[in-house]
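Undergrad: For reference, the structure I am asking about is given below.
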Amino acid sequence: NVFTNVVHKKSVVLTSGFGMPSLYHALVVIFLEFFAWGLLTMPVISVLNTTFPDHTFLMNGLVMGIKGSLSFLSAPLVGALSDVCGRKLFLLITVFFTCLPIPLMTINSFWFFAMISISGVFAVTFSVVFAYVADVTNEKERSLAYGLVSATFAASMVISPALGAYLMERWSMSVVVALATAIAILDVFFILVAVPESLPEKVRVSPISWEQADPFSSLRNVGKDPTILLLCIAVFLSYLPEAGQYSCIFVYLKLVMGWSAPMVAVFVGLVGLLAVLTQVCLGALIKNLGCKHTIMLGLLFEMLQLLWYGFGTTTWMMWAAGILASMSSITYPAISAFVSIHSTADRQGVVQGMVTGMRGLCNGLGPAMFGLIFYIFHVDLNEENDVKSTSAT
């Protein structure tokens, strides 16, 4: 396979790093990437509303839908290639291209949203990180490690939205974008210089076939293993509404519920902090309840928070739903831990790619579905509209 051989040759130069590969390398990568994007939480809402004032929610759903769909299509290929060429190269590629749109935010808003959509091809950092973690941990440590990865993601959202909102109001959006760009560059530099390769040459699989790059072939292969199939179904059914909700909740709180930008930022921060505390306990939950019951507990909290968000009409109800949302954040890392324990060392990239691909499919369908529903029911407005009359509609 010519393409695989070329990529493999390039991966040879990426063998440097500080110390032995460890969980902490993966945590830094995840934290920096999502901290950079967290800074842009409120600026993105403002730019989205300014760029598409008449169809804010619909365009938000379209942008996120395209990004998620491309992620679904590319996840199996990226996961399989990381089993062949190693994790470091694909950590570098996914982080670089996922963060590439950030500088465009203040240059050209149309190109910014277009690049966000296209970046979905590489928006699979989580699958590579989970495979990296599986390489450096044993089965007993893995559930705790996956919980720490998800907790780190949540931690990156604790102060970044509030900081971004403060900098935007105190100085300008350009300052926020510049800081986010600098952090993204730091993440790329960290991977290039400090992250060691986690997958030994002797464990790597032979060059992949193009069949492995086919996401639909990956879905067909899921059915060959009943356990993986059931876990992928659980991911799809749970993450479809969650992806739709996540794509628009910040816009919804600001433009429909009438929350101020600082209030939305504080909400994101506190929910993220609670999610960190919840996910730190993931290892203990799996140890005492088992993977299956931990997943069921997470799904129960998710069901309750979705119902609460749906029927909530007041500020305190949104806060209550946020608390439930933080508790439901254990679902995906618990599923990833179950999948990794169920798979062999040389297939971690493939199976994590399957799960991430299913999640990417939801990231495509969920936002598009929510955007269309908001559009049909005329919950599509700009910041100058009367909030109360829209809520009544």
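In case you wondered, yes, glycine gets a Cβ from its N, Cα and C as well.
According to TrEMBL, the protein has these features:
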DOMAIN    22-393  domain 'Major facilitator superfamily (MFS) profile'
TRANSMEM  23-45  transmembrane segment
TRANSMEM  57-77  transmembrane segment
TRANSMEM  89-105  transmembrane segment
TRANSMEM  111-133  transmembrane segment
TRANSMEM  145-167  transmembrane segment
TRANSMEM  173-195  transmembrane segment
TRANSMEM  228-253  transmembrane segment
TRANSMEM  259-282  transmembrane segment
TRANSMEM  294-311  transmembrane segment
TRANSMEM  317-339  transmembrane segment
TRANSMEM  360-378  transmembrane segment
Undergrad: With CB pairs under 8 Å as the measure, which of the listed stretches 89-105, 111-133, 173-195, 294-311, 360-378 comes out on top against the transmembrane segment (23-45)?
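TA: Counting Cβ pairs under 8 Å, the winner is 173-195.
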Undergrad: Looking at the stretches 111-133, 145-167, 228-253, 317-339, which one shares the most CB pairs under 8 Å with the transmembrane segment (259-282)?
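TA: Going through each listed stretch, the top one turns out to be 145-167.
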Undergrad: Considering every residue in the domain 'Major facilitator superfamily (MFS) profile' (22-393), what is the mean pLDDT value?
TA: 79
